[in-house]
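Engineer: Below is a structure I'd like to ask you about.
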Amino acid sequence: MVNSRETLDLTTFVGPAGNAVDWRISDSRVDYAAALAFMEARAAAIAAGEAPELVWLLEHPPVYTSGTSGKPEDLRDPRFPLVPTGRGGQVTYHGPGQRVAYVMLDLKRRRPDVRAYVAALEEMIIRTLDAFNVRGERREDRVGVWVRRPDKGEGYEDKIAAIGVRLKRWVSFHGIAINVEPDLTHFQAIVPCGVTDPRYGVTSLVDLGLPVTLTDVDLALRQAFESVFGATRASLPETA
């Protein structure tokens, strides 16, 4: 069965000519609340034409976040703080070893279509994983990017990257999280993204046997982003 998001034309997400997106990497871990406040302010500035679009790569200290569809019972073991957010989706974990990319784009200037935008983010992740010979796949009923796990049994799949977005005045924020080498046991304390089927778990690049670093992923992610959304330019970090 063809995933309907696979049939969407994603070429219209390339920005206007000469419009390079700021590309920023934070080397130290960023508190989630501080990152959220920064994104809110930056998205408002982009909408007002006062700041360029931005992709911000970072790691968080261990934290659970809950989207607009999150339920209290999704947190089984409150070993870390749970922060409510306005993004779509349910409960997920962020922490060291996970590459978070917050994508702040003016979709009004690109393509004001939330469903197609999510598909474009999935495509960016799939192309990133392809650089490491990992086949990431979409699923019609599960947002994010998945890998098949025949080693675990027939029909088993693991999520390797999560997506959660929010838009204000057609400017996106929040974004994606790719599991590079996080502590996967922390996902056991939640119902990740509301998925309860025991055949569907969580994995990472290192869990799949690949000695990949965050820097490796950053390089592949930037190339994948540019192939879907257009040019980037290096941006110096700011205090969030």
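The backbone N, Cα and C atoms fix where each Cβ goes, glycine too.
Just lifted these from Swiss-Prot, have a look:
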DOMAIN    49-233  domain 'BPL/LPL catalytic'
BINDING   R87, G88, G89, Q90, V91, T92, Y93, H94, A162, I163, G164, G175, I176, A177  substrate binding site
SITE      K159  site 'Lowers pKa of active site Cys'
ACT_SITE  C193  active site, acyl-thioester intermediate
Engineer: What is the Cβ neighbour count of Y93 (substrate binding site) at a 10 Å cut-off, with all protein chains included?
Structural biologist: 26
Engineer: Express the distance between the Cα positions of G89 (substrate binding site) and K159 (site 'Lowers pKa of active site Cys') as a whole number of Å.
Structural biologist: 14
Engineer: Determine the Cβ neighbour count for A162 (substrate binding site): the number of other Cβ atoms within 10 Å of its Cβ.
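Structural biologist: Other Cβ atoms found within 10 Å: 24.
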Engineer: May I ask for the distance between Y93 (substrate binding site) and K159 (site 'Lowers pKa of active site Cys'), taken between their Cα atoms and rounded to an integer number of Å?
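Structural biologist: Cα-Cα distance, Y93 (substrate binding site) to K159 (site 'Lowers pKa of active site Cys'): 12 Å.
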Engineer: Where K159 (site 'Lowers pKa of active site Cys') and V91 (substrate binding site) are concerned, what is their Cα separation in Å, rounded?
Structural biologist: 14
Engineer: How far apart, in angstrom, are the most distant Cα atoms among the substrate-binding residues R87, G88, G89, Q90, V91, T92, Y93, H94, A162, I163, G164, G175, I176, A177?
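Structural biologist: The span, Cα to Cα at its widest, is 15 Å.
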